[in-house]
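One structure below.
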Amino acid sequence: MKTAIFTVVLALAVFAVLSFGWEANEKALSEEFTELIHEKEAASETEARECRYFWGECHDHMPCCDWLVCRYKWLITYNICVWNRTFPEK
């Protein structure tokens, strides 16, 4: 009887150690994934755009892309880039 109880307690201790190890590994993987996402976001933010895209706010110092034109829309308080009914050449 004592051997059976000792075996059960020992098995529970082993399972507790294994689950703690898996949890620590999962947290480390989650942290690595979060760091990777932040690095990708930082890299994309540092890229300078040459022109403003569709529905983007535009001014003289922020030109629209070639297939867009800067127009004032009465529902919006600033100028936006809208389609000029042409297609960009590829």
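Including glycine, each Cβ sits where the backbone N, Cα and C put it.
Note: Swiss-Prot links Cys81 through a disulfide bond to Cys64 (candidates: Cys51, Cys64). Annotation in Swiss-Prot places Cys70 in a disulphide bond whose other cysteine, of Cys58, Cys65, is Cys58. Within 10 Å of the C-beta atom of Cys64 (disulfide bond) sit 22 other C-beta atoms, taking all shown protein chains into account. A Cα-Cα distance of 6 Å separates Cys64 (disulfide bond) from Cys58 (disulfide bond). Rounded to a whole value, the Cα-Cα separation of Cys70 (disulfide bond) and Cys81 (disulfide bond) is 5 Å. The distance from the Cα of Cys58 (disulfide bond) to the Cα of Cys81 (disulfide bond) comes to 6 Å.
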